Amino acid sequence: MTKQIQKTVSVCIIGRPNSGKSTLLNRIIGEKLSIVTPKVQTTRSIITGIITLNDTQIILYDTPGIFEPKGTLEKAMVRCAWSSLHSADIVMLIIDSLKPLDSITHDILNKLRSLNVVPVFLLNKIDVESKYIDDTKAFLAENYSDSLLFPISAISGENVDKLLEYITSKAKIAPWLYEEDDITDLPMRFIAAEITREQLFLGLQQELPYKLTVQTEKWEELKDKSVKINQIIVVSRESYKTIILGKNGSKIKELGAKSRMQMQQFFGFPVHLFLFVKVQELWEDNSDYYEYMKI
């Protein structure tokens, strides 16, 4: 019996916050792995997605959005994004076609050039008419003629098949790093924490989501094949804790119920979720939390 030839290729997706990196990762692997919210800077660490197509295994790295960082946490997130380039065969810069090229995007382009990285450009959100797209295409064609450009829509899937064909064509003969059915190498504890953090981002207003983190403290498999999960929501102020709890605990119950449903849908088994809120001032300056967040 002839042994199947195996190929692998790794892809790093970088770009500004809310340009569609996480949506594209989820679109390609066919699962909602990387959390997506309307708020910027939702992704804090490198999220690894895996898809195996015939003989080729594609490893995708979704990265934190690159912006001008201010605090310690923001600086760590941006460093994390740039560090992902070293692990990739292909670097893809995703650009929001609904916005003009701004100074941050130009800074990203300049840094890639200084690193001798020739990116593949992904002009995202083409499912919506844009007055900026022609100017962006013209600028990239004139200044980055060595780079390929794919106009895509991560949310609708338009042209993502062509992008996958290109990625697959760049794969090299090498043993797969993961099992054929794997979609990520992230621990389930981490994924569960990200699911809860997504619900906090969606359910809380203004700046509060940026002032918290979530840790899965306990993961206990029960005899009935369900799992008991204890999570701690860490905030920097007592007033934030009050908001998350809500009147008579109503808000945290609502957020917990939504998180539990998402976990059950993703993991495929019943979940008993218990959320607790802890106040720790300046937790953003504690490197122990960064290690847990993988940044």
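Glycine is treated like the rest: Cβ placed from N, Cα and C.
Range annotated as region 'G4' by Swiss-Prot, chosen from 84-87, 96-99, 124-127, 168-171: 124-127. Take the region 'G1' (15-22) and the stretches 41-45, 62-65, 124-127: counting Cβ pairs under 8 Å, 62-65 has the most.
If you draw a 10 Å sphere around the CB of Ile66 (GTP binding site), it holds 21 other CB atoms from the protein chains shown.
Under a cutoff of 8 A between CB atoms, and with a sequence separation of 6+ in the same chain, the neighbours of Gly15 (GTP binding site) are Lys21, Gly65, Ile66, Leu93, Ile94, Ile95, Asp96, Ile108, Leu122.
Each of the binding-site residues Asn18, Thr63 was scored by the number of other CB atoms within 10 Å of its CB, and the largest score is that of Thr63. The local packing around Ile126 (GTP binding site), expressed as other Cβ atoms within 10 Å of its Cβ over all shown chains, amounts to 18.
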